[in-house]
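Enquirer: Sharing the feature lines straight out of Swiss-Prot:
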type	residues	note
COMPBIAS	87-103	compositional bias 'Basic and acidic residues'
COMPBIAS	529-543	compositional bias 'Basic residues'
CARBOHYD	N138	N-linked glycosylation site
CARBOHYD	N369	N-linked glycosylation site
CARBOHYD	N447	N-linked glycosylation site
CARBOHYD	N591	N-linked glycosylation site
CARBOHYD	N616	N-linked glycosylation site
REGION	70-109	region 'Disordered'
REGION	504-547	region 'Disordered'
TOPO_DOM	24-678	topological domain 'Vacuolar'
TRANSMEM	3-23	transmembrane segment
Amino acid sequence: MRSPLLASLFALALSIASSEAAISSTEQVPLSGSVPQLDHSELQNVRINKKRPLKGRFLHITDIHPDPHYKTGSTFDSGCHRKPKKDGKSEGKKATENERGNEDLDDKEFDTLIKNEDLAGKWGTAVSDCDCPMSLVNITFDWLKEEWANEVDFVVWTGDNARHDIDRRIPRTPKEIFDSNRMIVDRMLDAFGRDMPIVPSIGNNDIYPHNVLAAGPSRITEEFLLIWKHFIPSEAAHVFERGAYFSVEVIPDRLAVISLNTLFWYDANTLVDGCRDHSNDPGALEMDWLEVQLNNFRQRGMQVWLTGHVPPHMNHYYDNCYLRYGDLALRYQDTIVGHLFGHMNVDHFFFIDVDELEATSELTSTSSNTTLSDLPLLHGPRLPRPGPGKYTAMGRSGARKLEEELRKDFGQMPGPGILKLKDYAVMNVAPSVIPTYYPGIRIFSYNISDEEDSFDQGHSYQGADELLDDEDEGDELEELELPSDNGFFGGLDERENEDIEILKGSGGHRHDVPKGDCSLPSNEDKPHCTFKRKPRHYSKRSPSRTNRALSPLGYTQFYLPSMMKQKKRPKWEVEYTTYKVKTLVPSSPENTTQPLPVPLHLLPRYDPSIFSKPKNKTEEKEVAKKTAKFYKAVKAVTPYRMKDLTIGSWVKLARMLVLEKKRWKKFAELMLVSTETD
């Protein structure tokens, strides 16, 4: 079930691919002669301080896109770089009578000026093509430092730390891109300190020109090795120089994060050639490296998060790269605890499954010279690619198309008696800090309740070597939990109950297609046959399938809904959370071994008096009112109420989204970070 490469929603168009490739050759050719030796002693031996108590949380932040040229009151057509002309002629949608000052305007007048004249706001402009002003960068990192510096165990940071190249008058340069990345590194270190494991990955706008990156060693890989010297382990330096990917043990001997260079798999990168087996293509070599990493971590009984910039949507990866990534995601399901990506700016999740890879394999066999973007899809969303010319971040019609196709894909999943969880991997795509919609940031929580200082063998998953057959595994989904009449959205109507019964008994159309006989040479390379030949590691007892040590438990998404208020500094607020209310506000928090997913004071309508004993009846009534408002506000940000983020929980959520219209409407709203769009 595929949401093919939806990054086309917001991907930068290569206006003149050949000329950009020519330009790139001056920047990205391998260094001739001997490669200048970097002082690898500057690189950090990246390890978490074992004495630092685990909090069971981590941050995922992506697509910051800081723009030092951003000007408040500038026009959108100038990339938010130039104000309207004094004669009333403007590069933007509307012109002002003159460049009037705004220092003497009150808040309401200033808000009206910006809104009515359709100009760039002080804190950024939601639902626009403009990048992040430094004011937005500053309030973001100030908030992270204040609220999360001592409340997370590590940071996942999935790229794009330079502005888009949308203003021909101020073209980007390699120096500006590197300086922009250095600046964000400095903000990260200021917010979290040098003892915090921070795992960055390279984005398609972190290079010049955007999208295209050749294999290293190159000036780009060497520069990023220096820029990220505080984050890359010294033993990973030589691999990073060649490929710009690495791994970090964020909890030594227990949990690792792998930073992937997805640009080697990205089909907009014209300097690479996919992931052909037994080739020296940089994408293939990265896949080989990734498999070795996963195998090594598995042998050590560790768990792994896979992180990168461009998500593995079928339409944005070279076909053979998509197949190889899906192959590894499923074959190492008991080792990979989750997949985190950015790039898209649209909040969503999707699945890679065996049938999806099977359909992809059928398509690729029709032509050896075409990528999936040129082939008709059997299923899943196919979104229009942006045409040449000005980059358009919005693509709001494309976002709606994505919504429709995700709904179709989720609705075609087989019923609980048919679906096998071992055949599924879940991809999570986070929203961006850049206000394509409202800015978004995620705080995940993961299970540390089974002994914080030593995940003993009784609780932690050690990676059994047993290979279980379909009929032996018995991993059918538990029955769907239907919402009660007093649930978040109320009961289901009669039609929706009929839909549930239908889905319990049957699957989507592509699951009914018989698979080829693996004994025939013509079928030996098909995914379902490959899985029978290669070692495949899955287990119901693994953290990706059962809530145990290191399992992902949920996340809370914060956003900036007040960013369009011009003079008042906006505050990060909870947009939604995947948890149940009782998980966020347990009846006896002092008795829980797992820290709260979100500090209570960050929840909406929090008041400390709620959790103190009233002194008299008058105070008791006031506390009761505050308590009722608090719980109502918390319920409003808990639309999903998932017990955890294991694969089975994601599958159940996908079912419920398509079976309940109000719940899907909420999901569609959250995809756009609760931003009202046309």
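Heads up, the Cβ atoms here are built off N, Cα and C, so glycines get one too.
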Enquirer: Quick check on the compositional bias 'Basic residues' (529-543): DSSP residue counts for helix, strand, coil, in that order please.
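Expert: Taking the compositional bias 'Basic residues' (529-543) as a whole: 5 helix, 1 strand, 9 coil.
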Enquirer: Measure from the Cβ of N447 (N-linked glycosylation site) and count the other Cβ atoms within 10 Å, all protein chains considered.
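Expert: Total other Cβ atoms inside 10 Å, all chains included: 21.
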Enquirer: Which one of these glycosylation sites has the most other Cβ atoms within 10 Å of its own Cβ: N138, N616?
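Expert: Answer by Cβ density within 10 Å: N138.
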Enquirer: How many whole Å apart are the CA atoms of N616 (N-linked glycosylation site) and N138 (N-linked glycosylation site)?
Expert: 44
Enquirer: Any idea what DSSP makes of N616 (N-linked glycosylation site), helix, strand or coil?
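Expert: SS state of N616 (N-linked glycosylation site) = coil.
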Enquirer: As a test of reading the model: what is the averaged pLDDT for the topological domain 'Vacuolar' (24-678)?
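Expert: Averaging the confidence scores along the topological domain 'Vacuolar' (24-678) gives 81.
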